[in-house]
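Trainee: Handing you this structure, nothing more for now.
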Amino acid sequence: MLTLYNTMSRKKETFTPLHPGEIRMYVCGPTVYNYIHIGNARSAIAFDTIRRYFEYRGYKVTYVSNFTDVDDKIINAAHKTGEAPLDLAQRFIDAFMEDTTALGIEPATAHPRASQMIPDIIEFVQDLIDKEYAYAVDGDVYYRARKFKHYGELSHQNVDELEEGASQHITQDELAKKEDPIDFALWKAAKPGEISWESPWGKGRPGWHIECSVMSTKLLGDTFDIHGGGQDLEFPHHENEIAQSEAKTDKQFVRYWMHNGFVTIGEDDEKMSKSLGNFITVHDIRKTVDPQVLRFFMAGTQYRMPIRYSETNLKNAANSLNRLKIARENLTYRRRGAETGVDPQITKQLQTLKDRFVTAMDDDINVQNGLTVLFDLAKLLNEYANEETVKSESINDLLNEYDAWLQIFGVVFADQKSLDADIDALVKARDAARAAKDFAKSDQIRDQLAAQGIILEDTPQGTRWRRQ
């Protein structure tokens with residue numbers, strides 16, 4: 001039974017999709033004004049892992065993740081570089097796709113952009129004005145937050161407390177325009193030199209929150225299963241999305257809210273963020289760290305928990321990944337000479353492990369417990385590889401399940417079915433030299449292979465080789 005922690009209820013709930021066998025989910029994507037840092041990547045990796053597990057469980061997943069390409073940060077960055085805002089946004093969208101591809105993140109079913117949905121956004125805002133949930137002032141349009149009776153429920157905050165906080169963080173100009181300090185912008189009047197579009201309220205551009213409401217409901221419907229994002233988006237972004245969407249449709253917006261934890265760095269476990277200037281971009285880290293190691297490191301922590309970034313933790317992830325790789329290579333090698341048929345004991349052990357894996361992952365995607373079972377499966381691969389007699393169908397069953405679990409964590413190892421002919425020939429030549437007790441030649445071949453990054457392992461079943 002699959003359970004997910006719902007931020008709205010603050011508890012784990014049994015997951016029941018709106019449409020049997022299908023999951024529709026929306027995950028807030030990046031504001032594209034810079035390269036993504038590993039804190040941004042954590043969210044993308046966490047929800048890619050969740051999506052992959054849903055697919056492993058047999059669900060058809062429609063996964064939408066947006067690009068915010070109209071925003072104050074983009075306008076400011078473009079002003080500094082001299083680029084047009086949408087050109088700068090496109091440059092960093094391309095960089096995002098390159099980084100996430102390297103991290104083994106599957107492309108979303110759709111990657112909508114705010115700039116491509118301006119007519120839909122204007123229509124959405126007008127509907128809110130018509131229903132008296134919004135009002136226009138001097139080209140700006142604001143949402144009447146207090147009118148929405150459920151405002152504050154997602155973040156579990158009292159409206160009066162929100163008012164006190166909002167009053168301390170808005171300008172005098174905003175305070176003069178707004179009916180209430182907690183009201184927020186749906187549409188912003190154009191400023192000189194800024195990108196803008198024509199609207200019933202004059203030239204302007206959309207607010208951040210309205211963009212996600214429009215993109216998600218247009219592509220997934222008025223009500224969909226899961227909305228995800230970082231914990232920092234819970235308020236005000238997701239709170240405001242709910243207010244806008246449910247005021248317009250009079251329907252529940254999202255059934256399950258999922259929020260991932262932060263990446264921390266340094267001795268004080270400070271949150272990694274661009275605003276604090278303590279971030280490391282994926283673009284830069286890829287120059288020195290294998291992206292698959294970074295992916296495995298990130299995917300190995302339950303999505304709601306914080307991740308501490310450190311060289312030590314990366315090294316541990318690399319070592320764990322290598323153990324998993326070696327286990328696969330060991331059993332793959334035994335395909336040679338395997339007898340046809342199935343080993344009933346292996347079938348039974350594999351089923352037990354599958355049941356344990358699903359039980360672990362069904363508990364709010366508990367990847368730590370899931371990885372424990374994955375390493376137990378790796379142990380079984382190694383043990384079976386050392387058996388004197390192995391069955392071909394059992395090898396295939398073990399490797400197929402192993403690969404399916406690895407892929408949930410974004411790990412794909414190169415198949416060892418077709419070994420390099422030259423290396424194979426050298427291994428056979430070394431075996432012949434050993435049989436002839438020509439140990440000098442045997443050692444010379446071992447050294448030659450080692451120089452190519454090939455490690456040899458002498459076992460009772462023959463010599464195996466693997467790449468470092």
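From the backbone N, Cα and C atoms, a Cβ is placed for every residue, glycine too.
Bear in mind that the values here come from a model prediction, so they are computed numbers and not experimental data.
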Trainee: Can you identify, from 156-160, 271-275, 386-390, the stretch that Swiss-Prot calls motif ''KMSKS' region'?
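Mentor: Swiss-Prot lists motif ''KMSKS' region' for residues 271-275.
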Trainee: For H237 (Zn(2+) binding site), list the number of other Cβ atoms lying within 10 Å of its Cβ atom.
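Mentor: For H237 (Zn(2+) binding site), the 10 Å Cβ neighbour count is 16.
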Trainee: Taking DSSP as the reference, which of helix, strand or coil describes C28 (Zn(2+) binding site)?
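Mentor: For C28 (Zn(2+) binding site) - judged by DSSP and reduced to three states - the answer is coil.
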Trainee: Show, in sequence order, which residues other than C28, C212, H237, E241 on the same chain lie with their Cβ within 8 Å of the centre of the Cβ atoms of the Zn(2+) site.
Mentor: W208, H209, E211, S213, S216, H227, G229, L233, H238, N240
Trainee: For the binding-site residues listed here (C28, C212), which one has the lowest count of neighbouring CB atoms within 10 Å of its own CB?
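Mentor: The binding-site residues C28, C212 were compared, and C28 has the fewest Cβ atoms within 10 Å.
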Trainee: Going by DSSP, give the three-state secondary structure for E241 (Zn(2+) binding site).
Mentor: helix
Trainee: For the motif ''KMSKS' region' (271-275), what's the model's average pLDDT?
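Mentor: Average per-residue pLDDT within the motif ''KMSKS' region' (271-275): 70.
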